[in-house]
Amino acid sequence: MEFSPSLSLSRTLSLLSPTTSSSSLPPFSFLSHRHRHRHLQRQRRCNLSRSSCRPPAIQLSSSSKDDDDEEMVEIEFEEEEEEEYTEYEYSSLDVDSLEREAQLAVQEFSESLSRQMVIEDERSSPKEAQVKDKRRKNTSKNIPDHLLPKVAIVGRPNVGKSALFNRLVGGKRAIVVDEPGVTRDRLYGRSFWGNYEFMVVDTGGVLTISKSQTDLMEELAVSTTIGMEGIPLATREAAVARMPTMIEKQATVAVEESSVIIFLVDGQAGLNAADVEIADWLRKHYSDKCIILAVNKCESPRKGISQASEFWSLGFDPLPMSAVSGTGTGELLDLVCSGLKKVEGPEYLEEENYVPAIAIVGRPNVGKSSILNALVGEDRTIVSPVSGTTRDAIDTEFTGPDGQKFRLIDTAGIRKKAAVASSGSKPEALSVNQAFRAIRRSDVVALVIEAMACITEQDCKIAERIESEGKGCLIVVNKWDTIPNKNQETTVFYEEDVRRKVRALSWAPIVYSTAIAGHSVEKIIVAAAAVEKERSRRLTTAIMNQVVREAVAFKAPPRTRGGKRGRVYYSTQAAIRPPTFVFFVNDAKLFSETYRRYMEKQLRTSAGFAGTPIRLLWRSRRKMEKSDGKGPSTKTQENFKDKEKSLAVTA
């Protein structure tokens with residue numbers, strides 16, 4: 001075998017390498033010998049036409065001429081493909097344009113994903129969106145929630161407290177259903193009027209009058225609560241009997257910490273004995289606070305005066321208003337602000353940093369509210385053996401051991417959609433929607449499962465929802481003390497079982513806790529902080545491309561039957577929360593789903609990102625056209641401008 005002097009060492013090694021054999025040739029087995037001969041002749045003519053501008057080919061001496069021809073074709077094919085790749089990568093890449101295109105790719109992906117992940121009753125009219133934006137712009141002061149004065153809304157069940165709460169905070173935060181006993185926990189929301197800013201607290205209906213067991217079941221609608229049929233009769237009666245006391249305790253806490261109390265009554269139903277008793281209770285214990293008597297459901301201004309006149313006997317000045325239509329809410333807010341002390345933003349109060357939100361989700365009765373109470377250190381939410389006790393998504397501020405602030409969100413139990421529809425419970429359907437919204441507005445999700453209960457299909461669906469939303473996640477195995485005969489191998493076997501069944505969250509850390517006893521609950525916050533740190537991490541472009549090069553060198557993209565192979569030209573991290581990476585390749589269709597999973601696994605192995613999903617976006621990159629001495633063509637830049645304009649119009 002003779003070698004040309006101009007032959008490079010790399011070409012020599014590639015020729016002598018055992019990988020350059022008939023097994024790596026293009027798949028000609030399906031062609032006839034006649035077609036194969038014609039193909040080789042065309043390839044020889046192409047090689048001769050380029051011989052003037054390329055190094056001389058290697059002259060091979062062998063007994064089989066056909067084999068030499070095939071080997072010559074393979075050498076020329078590989079050499080040409082390598083030259084195209086090198087020329088594109090080092091001379092034609094416009095890094096700034098690629099970075100801009102990566103940002104556009106992330107925006108397009110986010111918009112398409114939001115269209116797919118639709119939550120029922122989530123769409124708001126353009127007018128409502130404008131009002132929300134206006135409210136956000138008007139809140140110029142950045143005062144922490146715990147420093148703002150509080151305004152509590154109290155009253156008997158089904159008088160419209162949640163509707164008034166939604167009216168004051170400017171959104172659909174509380175569940176509003178024409179049924180008594182829907183709201184049970186304290187629900188906080190930020191509101192403002194003029195130069196005043198304050199926190200509004202929604203409470204459950206106060207039942208201070210002694211009632212029989214049957215009346216309580218009917219008043220609170222506990223008979224239709226989720227999972228009541230699976231609870232023993234004695235436990236059910238005890239839980240129902242304690243429910244009014246728990247709701248009243250939550251309302252009492254809200255009244256004690258508030259500066260202004262809105263005592264809400266129903267103008268259409270008229271004066272009630274429960275209204276009289278609540279008025280006496282407020283007058284006796286909280287006479288030092290500003291108490292405003294608001295007569296709700298007075299849509300007509302003329303009839304409202306006559307409807308409100310009936311409540312003069314309570315000892316307060318009645319104010320007719322309507323939470324649904326907004327009639328009289330301006331006068332109500334004027335009275336509220338007159339009883340508040342104006343809070344000026346101190347100079348030493350710096351702008352609040354980013355506060356991550358942790359949503360606690362799971363199936364009913366797995367201990368979500370118990371975990372929240374154990375973390376906060378108080379009875380923030382009602383804990384009952386009756387599953388489905390929590391209805392609204394409860395937000396609570398929390399400061400970790402290291403001083404980092406979090407916002408904890410307790411949610412209602414998520415059952416199957418078919419089970420919710422068959423139950424016919426509208427509050428439950430709205431509670432599930434609230435839980436999905438809590439996942440969407442959170443940063444880290446704590447998926448709670450019960451240790452003794454088997455992992456169900458519903459747990460896997462919730463896990464898939466968390467992964468699709470791009471949220472960081474940790475799996476909390478609650479009630480770990482119920483596992484009998486635990487040893488060192490129990491945790492290992494249990495983790496393997498969880499990993500095998502919940503495949504969508506194979507990257508999520510697992511925490512074992514017992515919320516009732518307070519064991520290992522602090523590990524949840526430590527794990528959530530670590531997950532949020534990984535979710536906000538960004539790789540430099542140099543490290544990113546180095547990891548990708550090593551991954552491609554270890555396992556190259558597979559060839560197609562036509563001999564084409566995918567090539568990665570450039571890669572960058574375009575976004576965080578979740579980490580999103582954009583790969584610019586010759587053709588995205590050449591990268592199979594298996595190879596994409598391999599690339600994700602290599603990224604996790606080399607760069608970490610534990611506890612957070614990562615997004616890999618693959619963009620087909622055509623060869624940039626070159627003008628006469630002016631670099632890349634402006635056609636690509638015009639496409640960028642068109643995409644940016646369309647995305648701006650959509651936003």
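If you go along the chain as it appears here, the first residue is 1 and each next one adds 1.
Glycine too: its Cβ is placed from the backbone N, Cα and C atoms.
Annotated features in TrEMBL:
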| type | residues | note |
| --- | --- | --- |
| COMPBIAS | 118-132 | compositional bias 'Basic and acidic residues' |
| COMPBIAS | 638-651 | compositional bias 'Basic and acidic residues' |
| DOMAIN | 150-297 | domain 'G' |
| DOMAIN | 358-479 | domain 'G' |
| DOMAIN | 538-619 | domain 'GTPase Der C-terminal KH-domain-like' |
| REGION | 42-72 | region 'Disordered' |
| REGION | 117-142 | region 'Disordered' |
| REGION | 621-651 | region 'Disordered' |
Helix, strand and coil residues within the domain 'G' (358-479) as assigned by DSSP: 44 helix, 31 strand, 47 coil
Residues in the domain 'GTPase Der C-terminal KH-domain-like' (538-619) grouped by DSSP into helix, strand and remaining coil: 32 helix, 21 strand, 29 coil
Predicted model, mean pLDDT over the domain 'G' (150-297): 79
